[in-house]
Amino acid sequence: MENLIVSVNVVLPLFLMMALGYFLKAVRLYDDHVLNKMNNLVFKVFLPILLFVDLYSTDLESVFNPTLVLFAGGSVLAAFFLSMAYVCLTEKSNKIRGALIQGIFRSNFIIFGIPIARSIYGDNAASSAAILISIVIPLFNILTVTEMEIFRGRKVKIRSILKGIATNPLILSCATGFLFLFLRIPIPEIVYGTLTDLSRVATPLALIILGGSIKFSKTMGYFKQIVTGLLGKLVVVPAIFLPIAAAVGFRGQDMAVLISLYCSPVAVSSFVMAQQMDSDGDLAGQFVVLGAALSVVTIFLWVFLFKNLGLL
């Protein structure tokens, strides 16, 4: 019963905030234009502040685990190449291939990772997730841009990839957080308190926006690809890498962070990236909204399973 309660406590806040976002959109308190503006605000302001605060307040000696970082980075690469191989064998359309590959391997770790880790193991786990975010977010971006350029039929431009990474607000905030942490640059209490208050806006607002973005249209036109992508992202990828992580020896807080990495749905930004890079934006959008809705169930099941196995 205790494990069931812990599992419910992990996913229920996520579900309620997304449900609120869906309801507010249904009663027309905001429209798609407002959602896009709010999403931009979260991506460029609130999420970077959240990452900075979590990294700045990190006790590296107790949180940083180089083995975890290497394993997470290696598993992201493995998931990418496995999904790319499978999609190339089973899907003929290059336009669909790009969206489907990122739908399987790319995780919404930035929005789901910190709240899931914090709800299971508190602030230390959230700081560990923030450190991992600074590693896997650039990796996700590099791999996604590369595979989409390949299926776009154009030459991969290394300079544009590096520019996109260097100007990404999330990556810049991680770099700034590490700089302040390593150099022990003091922040006035009133400024730090303000940043902490602003950081608390990030996750609720991001999940409300995600809920407001849910639309159950155009689903049947992509039924096969949607089933493949959602099963791959929410079931197959965790089923491959979580047992390996357990065999390697990850437990407790580290396992909570890995669960939040593998079991989170596809990143919201994948929809915009698919549109901008001539991939199938409609399919990418379906992965975002349906994955967000179904992940509440699958995250609950994965957390419940690993709590019962004594790995969390």
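From the backbone N, Cα and C atoms, a Cβ is placed for every residue, glycine too.
Pulled from TrEMBL, these are the features on record:
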TRANSMEM  6-26  transmembrane segment
TRANSMEM  38-56  transmembrane segment
TRANSMEM  68-87  transmembrane segment
TRANSMEM  99-121  transmembrane segment
TRANSMEM  127-145  transmembrane segment
TRANSMEM  165-185  transmembrane segment
TRANSMEM  226-250  transmembrane segment
TRANSMEM  256-275  transmembrane segment
TRANSMEM  287-306  transmembrane segment
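Within its own chain, the transmembrane segment (165-185) is flanked in space by residues 43-45, 47-49, 51-56, 58, 60, 110, 130, 133-134, 137-138, 141-142, which lie at least six positions past its ends and keep a Cβ under 8 Å from the stretch. Tertiary proximity for the transmembrane segment (6-26) is limited to same-chain residues at least six positions away from its ends with a CB under 8 Å from its CB atoms, namely 35, 112, 115-116, 119-120, 203-204, 207-214, 292-293, 296-297, 299-301, 303-304, 307, 312. Counting only same-chain residues 6+ beyond the ends of the transmembrane segment (226-250), those with a CB under 8 A from a CB of the stretch are 67-68, 71, 75, 78-79, 82-83, 86, 90, 100, 103-105, 107, 219, 258-259, 262-263, 265-266, 283, 286-287, 290-291, 294-295, 298, 302, 306, 309, 311. Using a cut-off of 8 Å between Cβ atoms, the transmembrane segment (38-56) and the transmembrane segment (127-145) share at least three residue pairs, counting only pairs 6 or more apart in sequence.
Counting Cβ pairs under 8 Å to the transmembrane segment (68-87), the top-ranked stretch among 99-121, 127-145, 256-275, 287-306 is 127-145. A contact between the transmembrane segment (287-306) and the transmembrane segment (127-145) is absent, since fewer than 3 of their C-beta pairs, 6 or more residues apart, lie under 8 Å.
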